[in-house]
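Take a look at the structure below.
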């Protein structure tokens, strides 16, 4: 389902995607896709696909979907490092330990392998990124970090 909706979004655009009535989902009733799903996964994949095509990197949308979870799991380890380092008073050792732990925890590995194309692949990254931005905003009192936290939260939700 997620792959099919992402392919539709990449080929037809966001307006048609948002107003798409899919008669193959929830058969025989069908389903209005735009108002009944969280489109973050599909929009992220389609955006990566279009950016790669803009730079003349020929790739199929299926390959973007297959490798999205491993890509975001690598981003998750970086964000985990920075979040833990921020929480433990700039201790790089704690950040490295936390990044190593998130990299090998079985519950996260099962949701971030190649081909696992579901919301959990990017959800953990988005949650940790939002937490990190919030901690930075609270600690520094900076409007920049508050705005970045708001953007991360918007992306997460």
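Note: Cβ is positioned from N, Cα and C throughout, glycine not excepted.
Where the annotation comes from TrEMBL, it is an automatic prediction and has not been curated.
Residues or ranges marked as domain 'Oligosaccharyl transferase STT3 N-terminal' in TrEMBL: 1-157.
Here TrEMBL flags 32-52 (among others) as transmembrane segment.
The feature transmembrane segment is assigned by TrEMBL to 64-81 (among others). Counting only same-chain residues 6+ beyond the ends of the transmembrane segment (64-81), those with a CB under 8 A from a CB of the stretch are 2-3, 6, 41, 44-45, 48-49, 52, 95-96, 98-99, 101-103, 108-109, 111-118, 120-122, 124-125, 128-129, 132.
If you look up TrEMBL, you'll see 87-105 (among others) marked as transmembrane segment.
Summarising the annotation, TrEMBL assigns transmembrane segment to 117-135 (among others). Same-chain neighbours of the transmembrane segment (117-135): 2-3, 6, 38, 40-41, 44, 65-66, 68-69, 72-73, 75-76, 79-80, 82-83, 86-87, 108, 111, 145, 148-149, 152-153, 155-156, counting only residues six or more beyond its ends whose CB sits under 8 Å from a CB of the stretch.
Beyond the transmembrane segment (32-52), the same-chain residues lying 6 or more positions past its ends with a Cβ under 8 Å from any Cβ of the stretch are 2, 5-6, 8-10, 14, 17-22, 25, 59, 61, 64-65, 68, 117-119, 121-122, 126, 155-157.
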